[in-house]
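Asker: Take this structure first; my questions come after.
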Amino acid sequence: MKTPKSCDFQKLKHHNLTSTFATTQVQSSSLPLSHPSQSPPSTLSPLKTPLISPHSLQTSIQSSQWHFIKHLSPNLTPALVSTALFNLRSNPDLILKFINQFELNQNNLPYHCIAVVILARLPSPKQALDMIKRVVSSRVSTNKEVFDELSSARERLDISSSIVFDLLVRAFCELKRGDEAFECFYMMKDKGVLAKVETCNDMLSLFLRLNRTQTAWVLYAEMFRVRINSTVYTFNIMVNVLCKEGKLKKAKEFIGYMENLGFKPNVVTYNTIIHGYCGKGNLEGAHRLFEAMKAKGIKPDAYTFGSLISGMCKEGKVEEASELICKMEEDGLVPVAVTYNALIDGYCNKGDLERAFMCRDEMVKKGIMPTVSTYNLLVHALFMEARLDEANGMVKEMEGKGMAPDDITYNILINGYCRSGNAKKAFSLHDEMLSKGIQPSRVTYTSLIYVLSKRKRMKEADDLFVKIMGRGVSPDVIMFNALIDGHCANENLERALFLLKEMDRTKVPPDEVTYNTIMQGHCRKGKVEEAREILDAMKRRGIKPDHISYNTLISGYSRRGDMKDAFRVRDEMLSIGFNPTRLTYNALIQGLCKNQEGDHAEELLKEMVSKGITPDDSTYLTLIEGIGKDDTFEECNGS
């Protein structure tokens, strides 16, 4: 598109800016302007579009005549604006001020795209990127329309660089709109423009974060097909993708693939795979890689040691992890709070709070400040041991050091009080969360439903469930299970079964805990056949019953004295590979004693002991009661 011929600015130099824009087109351009107070001569035609030149627009922008420019906006053309803005390309602040005068809409989209193309040439892409994000977030145009306008602006300004298209893809990545980023990638390809490898890496990283590993592979294959050369960073992302997919062997083989292509794996490459091995509990594989990287002259960093220490702690090897911290320091690396938090978590999981607190003190001595996560671990461990006062003391200590409790802190506190049955305190903490602008999560509400259920306040639990769904919090299987358990414990099986149907409606798949809970509810009411039907429904759904499922049925039949059915379930349990537990034997012994079959009960006791299962108080009390009721049993033992 050609730039319209501008008016002669030299002829108008004696007029002020207003006079310049007030000049009207007349039938004869030589006619003089009338005084504003006079009526226009009859020879003049009606007012038409003001004659505007790029130079006059540029002057108006430089003079910050924003109100006047907004008045003229209907008469501004993309060609006019592009020329004026191109002349102002060395002053990006003015360009931004100009664009900000217009509320983004379909009509002025070209102006915004012209500005983006000019700003994209600056050393820093931030201003252009921010404007693109504003354009695509407004959704005033389709992605194709935005792409086409950017393309037109690029051609109008005769700019060969394709960076603006890469910035468009990057904007979608930052907005976590992966499909639209990929769509723009293909639009670039159709135009004969290849995305930069850095742009592709942004997309791959996004798909990795969104756990869309399959899409990442599609993009990686497309990069290979159109010959966008990968970097070490690209390979590291794909190694991470393989680890996320659980394909650790392939991830390890990828190192060789990189080397064959002439790329040298770096510490990040090895750290990614070591972290993957540690996450899977394969410490042996992680240590082999640790030695391999050192053999290749790649020095482990704090992240390498941190992954190994965390992996050891999760496997209960806390002492070995502690020794590795010493090794880490010998190598001149300084542990960080995350490293010590892994160690503290390991000791807390072992129930060794004394060592956990010693670790906290050690990190403080070394000048490593505990984090909110450090305190959360210790507070949680104290609550698990019902040391509520000490847990509250830790929270006060944390606040005294200027660290505000986060959502995890509150969830720990609320869960702790719910487990101790203190519903009042739990709801008080919930209200405190809200007052501080911390939004409760599913975890929070599950704990509150749990305590209401245990306190037999099922109407309140149901009302809370409805309320949180109204707030847009989607329940998960754990929340449904907590509510179902409450109704089953309170013998409201009708409501429990309704909730099972509600799970289907909301597309929350039930698990074995869901079905076991409902089976236990039926058995409590003596409805063992209905419980058996639930077990069959569970199997049809593809959910494998566990030993709790079978023990529930055995216990139900035994309480009713139906020992033939109880032993049939026991045999079914054995046939699929589940060994009887103490609960299995106790239930069967209880049923036999109830039926005055003391001799058979005694045989089961001997079998139980021979299998290494130690009887408990319940076992012996059942036998004692059975002995008292069973004359035959007394005679057999007296002879």
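From the backbone N, Cα and C atoms, a Cβ is placed for every residue, glycine too.
Look at TrEMBL and you will find 29-49 tagged as region 'Disordered'. Feature annotation from TrEMBL assigns repeat 'PPR' to 161-195, 231-265, 266-300, 301-335, 336-370, 371-405, 406-440, 441-475, 476-510, 511-545, 546-580, 581-615.
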Asker: How many helix, strand and coil residues does the repeat 'PPR' (336-370) contain under DSSP?
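Answerer: Reading the DSSP string over the repeat 'PPR' (336-370) gives 26 helix, 0 strand, 9 coil.
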Asker: So what pLDDT does the repeat 'PPR' (581-615) average out to?
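Answerer: Mean pLDDT across the repeat 'PPR' (581-615) comes out at 85.
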Asker: So which residues does the repeat 'PPR' (371-405) touch in its own chain, when a touch means Cβ under 8 Å and the partner is 6 or more beyond its ends?
Answerer: 337-338, 340-341, 344-345, 348, 351, 353, 356-357, 360, 363, 412-413, 415-417, 419-420, 436
Asker: Could you give the number of helix, strand and coil residues in the repeat 'PPR' (301-335) as assigned by DSSP?
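Answerer: Across the repeat 'PPR' (301-335), DSSP assigns the residues as follows: 26 helix, 0 strand, 9 coil.
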Asker: Summarise the repeat 'PPR' (406-440) by DSSP state, stating how many residues are helix, strand and coil.
Answerer: 26 helix, 0 strand, 9 coil
